[in-house]
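For reference, the structure discussed in these notes is given below.
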Amino acid sequence: MNSGIEVASILLETKAIDLNFDKKFKWASGIESPIYCDNRVLISYVENRNKIVDYFIELINNNFDKVDLIAGVATSGISWAAMISQKMNLPMIYVRPEPKDHGRNSQIEGRFFENQNVVVIEDLISTGGSVLKVCDLLDDKNLNVQGVCSIFSYNLIKAKNNFEQHSKKLLTLSNKEYLINLIKENELYSMKEIDLLNDFFNKLDN
């Protein structure tokens, strides 16, 4: 099985991705959507999370020549970064959206050094705005951001444009195209519902 299809299958099987065409989900942005992706549930499924970690490592090894450091985006990228860095025998850091308001006021946790090559780990890409802020911060600290790796992406045009504007590479284990192909091939939802899902994504891109 193609790895993108397999990861999409895992997301559906574990209900990390949920579809509801009658009662829509409200995203944090306020958008009402027939699809909701919560990859945090995956950490509770040992066999599936091990597969995803192995796919992450394969993606990293196949696309980056030298990696010195793995960075997790708080909070959902932290567990994946920890498992990946452990298996790759690499140091890890994680990055908060904002600095702490106490102690050392740290925004980046963990030790790092200038000019280290870092791969950033996220679990979901919608527009890419939050993870690109992390990349900007790491750039400001004189780290070499090799790219961003994520479990799933909605493959929105806005995300593609955002990553291009920041000159950052985005690699994902699966995306909405794999998901829709899986749904079609296995007749998991009706063609009407698939059309509604495609219409939703088309509207987001317009």
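Heads up, the Cβ atoms here are built off N, Cα and C, so glycines get one too.
TrEMBL annotations:
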DOMAIN    51-150  domain 'Phosphoribosyltransferase'
BINDING   ARG96, LYS100, HIS102, GLU122, ASP123, LEU124, ILE125, SER126, THR127, GLY128, GLY129, SER130  5-phospho-alpha-D-ribose 1-diphosphate binding site
BINDING   SER126  orotate binding site
Same-chain residues six or more away whose CB lies under 8 A from the CB of GLY129 (5-phospho-alpha-D-ribose 1-diphosphate binding site)? ASN162
Which three-state DSSP class does ASP123 (5-phospho-alpha-D-ribose 1-diphosphate binding site) fall into? strand
Neighbour count, 10 Å Cβ-Cβ cut-off, for ARG96 (5-phospho-alpha-D-ribose 1-diphosphate binding site): what number do you get? 16
Count the Cβ atoms, other than its own, that fall within 10 Å of the Cβ of HIS102 (5-phospho-alpha-D-ribose 1-diphosphate binding site), considering every protein chain shown. 7
State the Cα to Cα distance, in Å, between ARG96 (5-phospho-alpha-D-ribose 1-diphosphate binding site) and SER126 (orotate binding site), rounded to an integer. 18
For the domain 'Phosphoribosyltransferase' (51-150), report the average pLDDT of the model, please. 95
Spatial neighbours, same chain, of ILE125 (5-phospho-alpha-D-ribose 1-diphosphate binding site) - Cβ under 8 Å, 6+ residues apart: VAL131, VAL148, SER150, PHE152, SER153, TYR154, ALA159, LEU170, THR172
DSSP says what for the domain 'Phosphoribosyltransferase' (51-150): how many helix, strand, coil residues? 36 helix, 27 strand, 37 coil
